[in-house]
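Here the structure comes first, spelled out in structure tokens, and everything after it is commentary.
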Amino acid sequence: MSYQYVNVVTINKVAVIEFNYGRKLNALSKVFIDDLMQALSDLNRPEIRCIILRAPSGSKVFSAGHDIHELPSGGRDPLSYDDPLRQITRMIQKFPKPIISMVEGSVWGGAFEMIMSSDLIIAASTSTFSMTPVNLGVPYNLVGIHNLTRDAGFHIVKELIFTASPITAQRALAVGILNHVVEVEELEDFTLQMAHHISEKAPLAIAVIKEELRVLGEAHTMNSDEFERIQGMRRAVYDSEDYQEGMNAFLEKRKPNFVGH
């Protein structure tokens with residue numbers, strides 16, 4: 001099949017999905033995510049054993065994260081259950097084949113959560129990673145926070161979110177976010193070699209173990225009162241002047257003036 005915003009190439013038992021949304025810096029807009037999800041669905045075939053997600057070679061930006069133009073104005077949850085980011089992270093996590101994120105360039109905001117939802121992350125040494133919701137006044141949701149803390153740990157996630165500052169690939173490797181960091185000229189060969197190696201293993205066993213790991217990773221307890229309390233806190237944020245100020249400042253390309261209400 002052909003797609004507008006991604007390109008798909010199969011190499012033996014490995015499928016490579018390359019982003020093709022450069023004019024928007026591979027932002028996670030609905031049209032892009034719809035194409036990506038359709039490509040994954042089409043690749044859920046027995047002869048495909050492993051998937052690689054990548055930006056085009058030489059990319060300065062792997063993905064800019066959320067498409068800010070698609071975030072709702074005040075009064076609506078910017079990260080609801082059917083948000084494109086929520087949809088693609090669920091699909092990656094539940095997909096029955098290993099998915100490797102091959103990262104070249106900078107990873108911003110929601111795209112960081114997306115790659116964290118994949119099974120392995122292999123990055124070029126020049127890559128950087130940042131979580132930026134506080135630059136926009138966006139109240140990240142519980143599922144997204146859980147996805148991040150499950151793999152990166154609370155203190156690292158707090159630093160990433162509270163500062164919104166990028167970290168290097170070397171530091172991301174040191175704190176356990178990445179599996180491997182290689183020089184950019186070696187990235188494609190290294191990742192393909194890993195994917196081909198995985199593709200020769202028992203696919204049914206891999207599928208069930210991936211699902212077991214997902215279920216174990218999501219095993220947590222929160223009572224309904226706590227959930228409603230957190231949702232109320234989030235609602236106060238996306239109803240706030242700060243949320244609207246963050247959106248306006250981004251679109252107007254200026255520094256936001258957050259006042260705390």
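Here the Cβ of each residue, glycine as well, is placed from N, Cα and C on the backbone.
Values in this document were obtained by computation on a predicted structure and should not be read as measured data.
G110 (substrate binding site) counts 27 other C-beta atoms within 10 Å of its own C-beta, drawing on all protein chains shown. Swiss-Prot lists A64, G65, H66, D67, I68, G110, T132, K253 with the feature substrate binding site.
Whole-number maximum of the Cα to Cα distances across the substrate-binding residues A64, G65, H66, D67, I68, G110, T132, K253: 20 angstrom. Taking each Cβ in turn and tallying the other Cβ atoms within 10 Å, the top scorer among the binding-site residues H66, K253 is H66. For T132 (substrate binding site), the same-chain residues that are 6 or more apart in sequence and have a Cβ closer than 8 Å to its Cβ are G65, W108, G109, A164. Sorted by the number of other CB atoms within 10 A, the binding-site residues A64, G65, D67, I68 start with I68, the lowest.
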